[in-house]
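Right, one structure below, let's go through it.
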C-alpha cells in the first residue's frame, strides 16, 4: 500500500500595500529607499521633485508583497502635492538626520500634517510607522542620541531603527521588520500589531525624561522654584527618583535622566542651609 504523500502547503495570497516616506529635505529618505531597492548609494544630492514613485516585490513569510512606494519631497513648497498621497497608506517611513536637530524636532510637525490631511475619519493608529535615525555614519556631527530618538518613537508605539544609507547599516533590518509588521496589520483586520514598545513605560515617564533633557538648570530639572527649601528639593527629588529609577523604568534615557536628577539634588543641597 502506497504511503500517502504529505499535502503541499498552499502559498499565502499576494498582497498589495502602499508605503510613503516622510521627513525634512536632505535627511536621506530617497537614499534609504535606493539602498534597499537598488543596493546602491547615491552620494550626489538630488532633491525629490514632488513625488517619486516606485514598485518592488518582496516575500514575507509565504506571501508575495507588491509594495507601492511613494517617496515624498520634504520641501514645504511641495505640500500641495504631498497632501494627495497620505490616504490609504499602510506604512510610513519617518526619517530624520541624527546630525540635524531641527529634522528630529520636525517629526511631530510631519505627523500633524498627515493627521490633518487624513481628515476626521482618518485613523493613524492603523498605520505602521518606522522611524529611521539616519546618517549614523557621521558620528562626529551627531546631536540627537539614540536614547532620545528611541524614546520619541517608542512612546508613540512606532518602530525605531538606527540607519545609514551610505554604509547600508540597519537598512535591511528596518525594511524586513517594517514589512512584517504591515503584513501583521493586514492580517489583523487593519489594526496595528502590538509592538509592546509603548506599553513598557508610561507617557509621564517619557515626558519627564524629555523635560529633564531640556531643563536649563538644577532648579528647573527638579521642577522647583529657585530658592526652594531643603524639604521641597528632597520632596521633588523623591518623586522623580521613584518615577525614573532604572530598576523600575525601562524608557530609553531613563538611566541618564536619573543620574542628572541625583546630581541636581546634590548641587542644590550644597547651597541650601
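Placement of Cβ uses the backbone N, Cα and C atoms for every residue, glycine included.
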Open item on the list: Tell me which of 1-18, 19-36 corresponds to the region 'Required for interaction with MAPK1' entry in Swiss-Prot.
Closed with: 1-18
Task: Residues in the domain 'J' (217-273) grouped by DSSP into helix, strand and remaining coil - done: 37 helix, 0 strand, 20 coil
Task: Where residue 72 (GTP binding site) falls in three-state DSSP terms - done: strand
